[in-house]
Amino acid sequence: MGGAVVDEGPTGVKAPDGGWGWAVLLGCFVITGFSYAFPKAVSVFFKELMREFGIGYSDTAWISSILLAMLYGTGPLCSVCVNRFGCRPVMLVGGLLASLGMVAASFCRSVIQLYLTTGVLTGLGLALNFQPSLIMLNRYFSKRRPMANGLAAAGSPVFLCALSPLGQLLQDQYGWRGGFLILGGLLLNCCVCAVLMRPLEAPGAGAEQGPQRPARRLLDLSVFKDRGFVIYAAAASVMVLGLFVPPVFVVSYAKDLGVPDARAAFLLTVLGFVDIFARPAAGFVTGLPKVRPYSVYLFSFAMFFNGITDLTGSTAGDYGGLVVFCIFFGISYGMVGALQFEVLMAVVGTPKFSSAIGLVLLLEAIAVLIGPPSGGKLLDATHVYQYVFILAGTQVLAASLVLVLGNYFCIGRRPAAATEVAKHHQPPENGRADSREVERFLKAEPEKNGEVAHTPETSV
């Protein structure tokens, strides 16, 4: 899942593509793990919460939805905070808020209080960590950026493998209240990751000696003039409607089939284990010189694969079928997770990425609030889990079509002048180019007055 920051670090400092960047990557790995795995891991406690508070599936699904909505939808707030205080202080405060939310949730006496603590407070804390960590990763890596994105994204499945069985163990030993309290303590590790986010500085020069960057707006709304960005944002918003639904309900689905709690929770571990290898692999493939210019098509295929997996997974009628579903879902989900931000970086370029990601996440927050609760409502009305998976798969497939058709639409209306310019910006014949040349090739036309024209390969 943030904020749209326009603070891009000191002018003229080249991304080190290593060095302290590996420590930043480690911090981003942990933050991504907590941010994306937590909303799914808390689903282990849903059955217990339903029994204690006398609520339905849709009521408990709102906990994950609010948590994700806060993670996605706090872009402008994070933008202001980061520009005023910097990435590291914002992340430190975010870690404290995330921990405080789970600790407070362990004392809740109603589901509304859970929405405010686990959903709003913990979600806000994770958001104040997630977005700045991505910005710092983008500053430290350029040429190795696809690989770095894939490795950082792998934090989600690694933590999902750990948090899901841990949550079940904590619930069995200490109840859901004790489990929430311990998970709140674990979230304090976000503060440790914040310390790793060391700002880049121009070597051997003070701030007053280097070139000064002109003042810029807190949030660059000019990205909406970019057709590629608009299509990407529309496709991503539709995708999010169904993307997070199966992981939220698969454990409850298994329990409903009579599967023991521990084995049901193990399904998320299977999903996460496959996801661990899928994300770095997708990042590595995307970073190949012949593949990177076509990353948008790979992203579209990943969404198509995920939607088909949901549709076929709806036919699972026993534990073995759900295991097979989780394997293929982990592959497709890992591909989507590794590619989504890399494709956005290729679409808008590094200068506008900080604003673009915040705006995209803000738009996706609306979809996140609709997705899992609508699946819960459908389940309450029909008591058939297959319908929930069919709905999710249809939504993700629709997003894939939006991306492909939107890309075709842009190609068909690409000005002839842009095609002529693109011919002069192909990669050198020896296949070697620095990070700036790669990024320029991805966009195929140099930036003119801050606006980007797109090639057929990266129209969206």
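Cβ coordinates are placed from backbone N, Cα and C, and glycine is handled just like the others.
TrEMBL lists 21-410 with the feature domain 'Major facilitator superfamily (MFS) profile'. What TrEMBL lists as transmembrane segment is 20-42, 62-82, 89-107, 113-130, 151-170, 176-197, 229-250, 262-282, 294-313, 319-341, 353-372, 384-405.
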With pairs restricted to those 6 or more apart in sequence, evaluate whether the transmembrane segment (151-170) and the transmembrane segment (113-130) have 3+ C-beta pairs under 8 Å.
-> no
How does the model score the domain 'Major facilitator superfamily (MFS) profile' (21-410) in terms of mean pLDDT?
-> 84
Would you kindly list the residues that approach the transmembrane segment (229-250) from elsewhere in its chain, counting only those six or more residues past its ends and only Cβ-Cβ distances under 8 Å?
-> 39-40, 43, 57, 61, 64, 68, 72, 223, 267-268, 271, 303, 306-307, 310, 313, 322, 325-326, 329, 333, 336, 340, 343-344, 347-348, 356, 359-360, 363-364, 366-368, 370-372, 374-376, 379, 385, 388-389, 391-396, 398-400, 402-403, 406-407, 409-410, 459-460
